[in-house]
Amino acid sequence: MSEVSKWPAINPFHWGYNGTVSHVVGGNGSVKLSLKSDKEQVEFDTFVNKYVPILKNGAHYKLSPYLFTGILQTLYLNAADFSKKFPVFYGREIVKFSDDGVCTADWVMNSWEKEYDFDQKTMKFDTKKFGDDEKATHPEGWPRLQPRTRYLRDEELEEQRKVDLPLVIILHGLAGGSHEPIIRSLTENLSRIGNGRFQVVVLNTRGCARSKITTRNLFTAYHTMDIREFLQREKERYPNRKLYTVGCSFGATMLANYLGEEGDKSPVSAAVTLCNPWDLLLSALRMTEDWWSKTLFSKNIAQFLTRTVQVNMGELGVPNGSRPDHTPTVKNPSYYKFTPENLMKAKRFKSSLEFDELYTAPALGFPNAMEYYKSASSINRADKIKVPTLVINSRDDPVVGPDQPYSFVEKNPNILFCRTDLGGHLAYLDSNNDSWVTKAISEFLNKFEELVL
């Protein structure tokens, strides 16, 4: 394991607003992609250099000069008012899984802009009609939803299921969801690029984005079964259409773990990971040892997680003093730590490490959070990824840190690492508060779908 850098996350070597993309490719080159034109083959990195100029090796991009560090980029993304940006309409589906658990899938519904008289200039729409429809479709006892989001009627869901466009499935970060500004930016770009080439959906993790947990099962880095079952369902529905995946932050960890577990059995045609903490242990150390990361971000993440537990205690909760009824393992967890007493402790946590020490590690049979991080890190499964995967990480990311080991890239020709020097964690905001990176991801997937067999 690499050591954590002694430089703080905010330092003069990571200041600026003119960013550069640098490719990292293994010594044996990258996987060859078969193109639709004349069945030509081209290496993965060559494909990006030639057809996706926004991400080519040495490409430059310009961010907001007022957000000249990764700290400022990340803080602004999480603190500023983005309610007037990325006005995406979502139709929500409750997805049921084989273990009787559920999550929610938020489908991008651009057709609702016409249905609800949405005005692109003023951002106004028929809120009364939308509100009436939301009330008529809302399941009893479920939390109220974020703006422009409502549950799909049965007939609307059936219409969605008839769409056979290439599908992009997006996985969000810790305790996030489809409502996050960066996810809305991504879904807006992906759903409009190529004249509506893609169908786009956000798969909200269990208990997140104002959904409910219905079984005593909370997500971890090992929680790949939901994306696996969802992808299988969509592939069975239309076997010939392509499936693409994008994972953001912790969602990228789960996605990379899934891709590594599945190998060449995955139905995914291409994948993107954004700001993945490939080594969870290094990221945890960054969040506890770097003053800026610890002070500005660590507590917020811990409290997001704690609130997820708190609002789902009706299903997760067990009496104080509970013991596991079986030996906890990764494949057979025991969530015996979700007691009222422990919830009171969690409300005082200042780091996700404390949360994982109390809840996650014991549930999976690990002696402590550090051992859980070592085992669950997606770097352990990166060499088994068989799907063309675009990896984007920034050196000034205050959550992931600059010290992540990327030697696995050199061993796996299916991975192309686009390393950026500026952008922070999931931000990459320019002077208009638009995200450069969501445009870049959209252009990559657009060209991949257009040109690759």
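Placement of Cβ uses the backbone N, Cα and C atoms for every residue, glycine included.
Quick look at what TrEMBL annotates:
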type     : residues : note
DOMAIN   : 166-430  : domain 'AB hydrolase-1'
ACT_SITE : Ser249   : active site, charge relay system
ACT_SITE : Asp397   : active site, charge relay system
ACT_SITE : His425   : active site, charge relay system
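Rounded to a whole value, the Cα-Cα separation of Asp397 (active site, charge relay system) and His425 (active site, charge relay system) is 5 Å. Ser249 (active site, charge relay system) sits 8 Å from His425 (active site, charge relay system), counting Cα to Cα. Around the Cβ of Asp397 (active site, charge relay system), the number of neighbouring Cβ atoms within 10 Å comes to 30. Around His425 (active site, charge relay system), the C-beta neighbours below 8 angstroms that are at least 6 residues distant in the chain are Gly70, Gln73, Thr74, Leu77, Ser249, Cys275, Phe297, Ser394, Asp397, Pro398, Val399, Val400. A sphere of 10 angstroms centred on the C-beta of Ser249 (active site, charge relay system) encloses 26 other C-beta atoms. Mean model confidence of the domain 'AB hydrolase-1' (166-430) amounts to 96 (pLDDT, 0 to 100 scale).
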